[in-house]
Amino acid sequence: MEQTSVTNIRWTLPAVCFVWQTAMIILFGVFVRYNGESDAHWAEFKMARNITSDIDNDFYFRYPSFQDVHVMIFVGFGFLMTFLKRYSFGGVGFNFLVAAFGLQWALLMQGWFHSLDYTDGMIKIGIENLINADFCVAGCLIAYGAVLGKVSPVQLMVMTLFGITLFAVEEYIISDLLHARDAGGSMVIHIFGGYYGLAISWVLYRPNLKESSQLQGSVYHSDVFAMIGTLFLWMFWPSFNSATCDHGDGQHRAAINTYLSLAATVLTTFAISSLSQKHGKLDMVHIQNSTLAGGVAVGTAAEFMLMPYGSLIVGFCCGLLSTLGYLYITPFMEKKLKIQDTCGIHNLHAMPGVIGGIVGAITAAAATESVYGKEGLVNTFDFTNEFKNRTPAVQGGYQAAAMCVAVCFGIGGGTLVGLILRMPIWGDVTDDNCFNDEFYWEVRFAQKTPSFSLSLSLSLSLSFFLCKNVQNPALIRAPYEV
Amino acid sequence: MEQTSVTNIRWTLPAVCFVWQTAMIILFGVFVRYNGESDAHWAEFKMARNITSDIDNDFYFRYPSFQDVHVMIFVGFGFLMTFLKRYSFGGVGFNFLVAAFGLQWALLMQGWFHSLDYTDGMIKIGIENLINADFCVAGCLIAYGAVLGKVSPVQLMVMTLFGITLFAVEEYIISDLLHARDAGGSMVIHIFGGYYGLAISWVLYRPNLKESSQLQGSVYHSDVFAMIGTLFLWMFWPSFNSATCDHGDGQHRAAINTYLSLAATVLTTFAISSLSQKHGKLDMVHIQNSTLAGGVAVGTAAEFMLMPYGSLIVGFCCGLLSTLGYLYITPFMEKKLKIQDTCGIHNLHAMPGVIGGIVGAITAAAATESVYGKEGLVNTFDFTNEFKNRTPAVQGGYQAAAMCVAVCFGIGGGTLVGLILRMPIWGDVTDDNCFNDEFYWEVRFAQKTPSFSLSLSLSLSLSFFLCKNVQNPALIRAPYEV
Amino acid sequence: MEQTSVTNIRWTLPAVCFVWQTAMIILFGVFVRYNGESDAHWAEFKMARNITSDIDNDFYFRYPSFQDVHVMIFVGFGFLMTFLKRYSFGGVGFNFLVAAFGLQWALLMQGWFHSLDYTDGMIKIGIENLINADFCVAGCLIAYGAVLGKVSPVQLMVMTLFGITLFAVEEYIISDLLHARDAGGSMVIHIFGGYYGLAISWVLYRPNLKESSQLQGSVYHSDVFAMIGTLFLWMFWPSFNSATCDHGDGQHRAAINTYLSLAATVLTTFAISSLSQKHGKLDMVHIQNSTLAGGVAVGTAAEFMLMPYGSLIVGFCCGLLSTLGYLYITPFMEKKLKIQDTCGIHNLHAMPGVIGGIVGAITAAAATESVYGKEGLVNTFDFTNEFKNRTPAVQGGYQAAAMCVAVCFGIGGGTLVGLILRMPIWGDVTDDNCFNDEFYWEVRFAQKTPSFSLSLSLSLSLSFFLCKNVQNPALIRAPYEV
């Protein structure tokens, strides 16, 4: 399979990387410094705030969760996307590139909005910024899922650059202006990321994609690789949803809610997957993806007093809807709406994100002082300063508004960025060459010998092959034993 | 390979999942609430107990260990069971289903016994409950190892339902009534789980299992996948054994003891594995399993003053015995006792668990105030309230009694549950179709074309194949290059 | 492929394991006890030091980082070395053996130097000792990377035994005598480990190694396995560099610096990798290895006020140099210097380590009280006791001296140990049998049948094979679908 000059990214990819990384160094030099808890002046900071023990440094509240989130971003998302039989390198490799690229820009963008120290104009970063940068990147990786195998790495970088920017603005509107709560980012991350990716995929519609259908599927081992991604996402989702919650009960409760929701999702996913097939056989696509929907949907309300049974109900519904989505909505979207969604992010992120937003709005509106306690209500919803007179009912309304903002940013931003990505300069493959690592990676699976030796070695090869086969019955059933 | 109606689980599996998950939602609604440290009333809870910093929330003592345990349950056990060449989906997938199913029931069962708030009749859950639920599930996953590849997912769910129930009762007897200490669950988890699985496998004996022998083995890549499971179990075992220990020195010491014991196990496992083969070649089965025995055996005594060298001795013996178990006991059990143990759980869990129980009893009986300190002795063995007059020697006796309880629950419970599982309604495969994912999963490894095109395409295929081969010498040695 | 008696390790490997493990038990019995924070006397220890909460036990400061480091050692290094198509067992398996073997000896050696309690002559261990033992082992695993596939497990054990010993002495000189700071071990671990391995590989030069070239490469799936190693190393490197830093801002800052440096490395690695190929295709070797160089290089200065942009600059340079190293230096070293470096540890560890040492020396020399604060400067560089009059400029000099010590220990020690390993008693393979698991592992990938049935089954096999092929087109393109 000879490479066409079209997919040659020898100049564009390095150029983008170098220019971008240089810009980052300059901007970080001008704008970014350590915050009070990571600066060597910590001793003075401690004294000024009457902190008695080093363990009260925010690092110890959040670092374990941060590392779990980090694993979700790089191994979770990365390996979830290795399921394609010939696009595992692209799945895990471009995920790696995009995430490392995006998190730097996210630190800056989010920093300007949330961590700017007005005394010196500097962004002051600490562990919470790293978590938020990872979150921000997650939005873009979700979008990558929709276009997996169909875009060039350069397109991915452009998509990420704009995605991070849009994300930071959207997040600022939702969390600061609307003062909506979204601990696990059902709205900020999943709705935005999902619709952003779907809109891009819609603009980049490939009418002849079925010519690549031979490669748009998994093989036995690639499905097992993808399970690594699934499981690390599933296991660490409690950390994802609790990482930036309030110290103490906030983080504690968010972890419990997520743990329960995800457990319920697994059961309904298996149930629907089995029900949908003639012989009740399970489909790995569902197991790999829909089992995660409960973590998405419980994101907004994770910190709320959702109650253990509430979490189970959310998980129950999500496993059900997400699996049905794979069975009916994805094919419908592809045929009727011209949206090709490689990983089914609509079922795993967009739709569960909307459920999460609704659950969050309802739970917030229904919050009472008897359930939360006087102080608990204020802490959980941050009813302080200019928001100190906001009531739960009003908060519910703002939560709903936040959801709409996320949807709009996703669809609007995705459509615009999709148009940019349609320019014929980004080195993407043709419709019949999608889902194929060979265009962007050195792939070693067979040493090709020149064909001029064909006639010569034909007889030789025949006898050799047969001998081999007889000696080695394993070859005869090779595909079975792989 | 056409599916017979026997293995059709299209109605039973979804039915079990839906009924069960609905029951869970109702029971959680009636019974389960957040505990003082995860409830929004935490601010008041803190004040009432004079807690000054949020970091004293139990969450921060246990969450990192919890996440490690979670990884062991889902990735550790899951991937350890991917070693079979054609049952990797079943290994990791059913492990996922069963664990998500079991942990909900475990939260309830264990909650009724240990976390019931008598003021309102509610189970109050926090991070420690999540860890204990994972522990409880571990017992059932161990049992799964014995019947891997031979039971249907519905049987697994039934097995888990009863397993969790038995576990909770057994745990209550051991930890509350006998007041035996078992930090890492050598007895409660490993002895119980091991014998439970072996007894089930004994009742479900398959006389013609050798007809499936072609698939009862690994291939190169499946062995590498299994190493993922092995390593995550091995690395995170210190968290497993220390997760529910006393704050401070208890958790600290348990982690150190486990770390050391496991290190010693690796060396003796490699030694015996090499010794046992004609040319000193190592066997992956031993490396994948026996290296973990030290973690099992140090479980009960992990929190005790076992001393670093004591841990090494325990690990030394376990690596040795466990590997010898794979070489001699497993074949013996299969031939003479009619116990077919797919993963060799007798060598990895049951036997090391017994060693762990004995070590625990001896170490407890030998505890002195000079080694532990006055307060240390009371803390470590919880000699408080009604047990405040118990002496270490008496404690040793109770530890031994606890071991017997675990063995009895395992064998007795397993036999009973095995009889239930012999009913011909659960959709299990016949003896010659074991270890094959195709009966319960959509497996994509070859697109079968109808054979009517046989004669037509024979000559075509021949020439094509030979050309391919000549061009592509890799195919000739395909099994080598896989 | 019949095994020659040469590679028979049936007696030597078990002998080394048993003798060694027995020696460890005895030495641990004589020398090793729990320290104040892991001993049951903790209650008294707490009281004596006015510690009010159990959370101030060092365990809670370091345990999450410890577990991350543990994952890097066993899964990170282990899976990074599975990239060879037929040496995955050896990569991950021997890594496991060597690490478990080395950490015990490291606890003793490092204990004698750093944790000796002079009141009773005992080594008192706690969580920090476990981390340091893992660090020490890392040095030896780096060295393993240079000789991967070319040495026997017995040679590896010998190499590790001496490696740990040399490491402990070198570390003592660097950290205690020179009082150089090296949080993430750029010098102590990476420079030493790198040059130690390269020197051994130089002494063990195999002139006819190209006869094994057929196996010295990856296949599609082995590259994906290796990415598991890469990603876990990459993600957890912030824990590696911060694990033993000062409580509070030290750990916090080290994590941030490492996070940033690694992100920048990814971008320059992708850039150079793409630039270097005719069509801009990326090379998995670079992605798997060079992306990690930034973590190595930021090790020494991780705890310093390197500033976020400083970390990015370090990462930028390292990705660039490391990838260029794979393109130009490794082939040069192999051809001209007769150093065969299987994993390219020169590019991933030795060279970035040197960069890290230089960065550390410069940053230390440039430290000022205005940047660090008075107390911060003292804390960061430990200017206490006999070093209380040392200035940053002088410290810079000592840092540079430390780097030289590490290089000397690596090259000198490696050369000596290499000579020992050249003795013909260790069971290593011949030059044409390298990179092949079959000599040390039971490998199941094909059941070989005796060839006497050749003529008989030839026709049978032919027809069977063709039928199969026609029915199953997948086989025709088997290498593609693997």
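All residue numbers here begin at 1 and follow the chain in the order shown.
Glycine is no exception: its Cβ is also placed from the backbone N, Cα and C atoms.
Under the heading domain 'Ammonium transporter AmtB-like', TrEMBL lists C:56-425.
Residues annotated as transmembrane segment in TrEMBL: C:12-32 (among others).
Same-chain residues lying 6+ beyond the ends of the transmembrane segment (C:69-87) with a Cβ under 8 Å from its Cβ atoms: 95-96, 99, 131, 134-135, 137-138, 141-142, 144-145, 148-149, 215-219, 222-223, 225-226, 228-230, 232-233, 236-237, 239-240, 243, 284-285, 288-289, 342-343, 435-438. Residues or ranges marked as transmembrane segment in TrEMBL: C:69-87 (among others).
For the transmembrane segment (C:94-113), the list of distant contacts is 17, 20-21, 24, 27-28, 31-32, 73-74, 77-78, 81, 123-125, 129-130, 132-134, 136-137, 140-141, 144, 153, 156-157, 160-161, 163-165, 167-169, 171-172, 176: same-chain residues at least six beyond its ends, Cβ to Cβ under 8 Å. For C:94-113 (among others), the entry in TrEMBL reads transmembrane segment.
With a threshold of 8 Å between CB atoms, the same-chain residues lying at least 6 positions outside the transmembrane segment (C:125-144) that come near it are 32-38, 58-59, 62-63, 65-66, 69-70, 72-73, 77, 81, 94-95, 98-99, 102-104, 106-107, 109-111, 114-115, 156, 159-160, 163-164, 167-168, 171, 185, 188-190, 192-194, 196-197, 200, 243-244, 345, 349, 414. What TrEMBL lists as transmembrane segment is C:125-144 (among others).
According to TrEMBL, the feature transmembrane segment maps to C:156-175 (among others). Tertiary proximity for the transmembrane segment (C:156-175) is limited to same-chain residues at least six positions away from its ends with a CB under 8 Å from its CB atoms, namely 13, 16-17, 20, 94, 97-98, 101-102, 105-106, 109-110, 112-114, 136-137, 139-140, 143-144, 147, 181-182, 187-189, 192-193, 196, 200, 402, 405-406, 409, 413, 416-417, 420-421, 426.
Residues annotated as transmembrane segment in TrEMBL: C:187-205 (among others).
Annotated transmembrane segment per TrEMBL: C:217-236 (among others), in sequence order. The list of residues near the transmembrane segment (C:217-236) in space but at least 6 beyond its ends in sequence, with Cβ under 8 angstroms from a Cβ of it, reads 68-69, 71-72, 75-85, 88, 262, 266, 284-285, 287-289, 291-292, 295, 482.
Taken from TrEMBL, the feature transmembrane segment covers C:256-275 (among others). Within the chain, the transmembrane segment (C:256-275) has long-range Cβ neighbours (under 8 A, six or more residues past its boundaries) at 184, 234, 237-238, 240-242, 281-283, 286-287, 290-295, 297-299, 301-302, 306, 308, 310-320, 322-324, 327.
As annotated by TrEMBL, transmembrane segment applies to C:287-306 (among others). Listed by sequence, the residues of this chain that lie at least six past the ends of the transmembrane segment (C:287-306) yet keep a Cβ under 8 A from its Cβ atoms are 80, 83, 181-187, 189-190, 223, 226-227, 229-230, 233-234, 237, 240-242, 245-246, 250, 253-254, 257-258, 261-266, 269-270, 272-273, 314-315, 317-319, 321-323, 325-326, 343-344, 347-349, 351-353, 355-357, 359-360, 363-364, 367, 371-372, 376, 380, 399.
The transmembrane segment annotation in TrEMBL covers C:312-329 (among others).
The annotation transmembrane segment is assigned in TrEMBL to C:400-421 (among others). Taking Cβ pairs closer than 8 Å, the transmembrane segment (C:400-421) reaches residues 143, 151, 155, 158-159, 162-163, 166-167, 169-170, 173-174, 178, 180, 182, 187-188, 191-204, 350, 353-354, 357-358, 360-361 in its own chain, all 6 or more past its ends.
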Cβ-Cβ under 8 Å with the transmembrane segment (C:187-205): same-chain residues at least 6 beyond its ends:
135-136, 138-147, 150-151, 159, 163, 166-167, 170-171, 174-175, 180, 296, 299-300, 333, 337-341, 345-346, 348-354, 356-357, 360, 402-403, 405-407, 409-415, 417-419, 421-422
Per-residue pLDDT averaged over the domain 'Ammonium transporter AmtB-like' (C:56-425), given as an integer:
94
